[in-house]
Every structure is written in C-alpha cells, then in structure tokens.
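J.: Feature annotation from Swiss-Prot assigns transit peptide to 1-58. The feature region 'Disordered' is assigned by Swiss-Prot to 57-80. Residues annotated as compositional bias 'Polar residues' in Swiss-Prot: 63-77. Summarising the annotation, Swiss-Prot assigns domain 'DUF1279' to 80-191. The annotation transmembrane segment is assigned in Swiss-Prot to 99-119, 150-170.
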Amino acid sequence: MAGLLALLGPAGRVGARVRPRATWLLGATAPCAPPPLALALLPPRLDARLLRTARGDCRGHQDPSQATGTTGSSVSCTEEKKQSKSQQLKKIFQEYGTVGVSLHIGISLISLGIFYMVVSSGVDMPAILLKLGFKESLVQSKMAAGTSTFVVAYAIHKLFAPVRISITLVSVPLIVRYFRKVGFFKPPAAKP
C-alpha cells in the first residue's frame, strides 16, 4: 500500500507535480550550498562535509575570498552519483569494444562451468551461499525443489553477477594496456 501511495504522490493522482520546499537539495537546478537560514537551523554539531560544501562549490573548491588554512577533500554533490555496475560495464564495452565483450563472455562461461561442476558434484550450495551472507529468501527463491542441475548452477551464476562484472571492469583496461605495450594492439586513436 505504501508503494502505491508513493507512486500516486500527495495529490492522489499519478504524475502530480509537487513543488519541493527545499530546492537547494535538488542540486542540478539550484546551488549546492544550503541557504544561510537553513545552516542556522541545523544542530550544533555540523558535519564537516556540509560546512565545506557551504563554504565553497559542490566539488570542494573554495572561493578564494573565503579561503581558510585547512584543505578539505574533494566533495561531490548528490547530482554526481557513482555509476551503477551495468553503466560502468556499458562504458567499458564502448571504450574497449570486442576485447571487453569477449573477456566478459569468457568470464561468464568459465563461471557457469565452474558452478555447474560444483552443483553436479553434489556440494550443498544453499548452505555455502547462506554462509557467504546471501539472504535465505533469495537463496530459496533461486533454488526451487526439483530443479535441474543446470538451472541451479545458472541461478548461482546469476547471484555472482556483481563479482563477474567487477572482474571485467578491473581486468579489461589492464589487459588492453598490456597488449598495447607489447605491440599486439594499436595505440588508441587521438580524439579530435
């Protein structure tokens, strides 16, 4: 019910426009720093990140007229969120092309083969997955009673997708850099 109410919004209809009260929280259309009145209303123990953001722009750079002796680490606004794994994978595929795609497919096939071999050998995979920290509801939904060995292996293979994607994201640039250094690949073309 709460999900339906969130979809409908406060006006009770889908797509109702709501004017936000704190436009400075949106980031893209408003400055990153909250207005001075909002800073005065915050509790006395202010977060250092909030103070750095209020003193400078949203990337941690300060106005030279307001510079202090301390240097803060780079702070980003909420508008600059980290990309998801799938977005990072698409970027790798666009940048490295067939090398990225073929390496990811190779890693996926090896992973599926290993999980098929483990499941067909009779290892109790649900117990291992629970020890690794997967939720019991997730494990039970992926492993219904009476499913074939391949289906169970494929379900476990899908559970480990973030690991495979991370391996691809780390290894593709390293492999391409090595092959370019050896001379197997041409250096990248200069962008106009």
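The backbone N, Cα and C atoms fix where each Cβ goes, glycine too.
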J.: How does the model score the domain 'DUF1279' (80-191) in terms of mean pLDDT?
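T.: Mean pLDDT, the domain 'DUF1279' (80-191): 85.
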J.: As a quick check of your reading of DSSP, tell me how many residues in the domain 'DUF1279' (80-191) are helical, how many are strand and how many are coil.
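T.: Across the domain 'DUF1279' (80-191), DSSP assigns the residues as follows: 83 helix, 0 strand, 29 coil.
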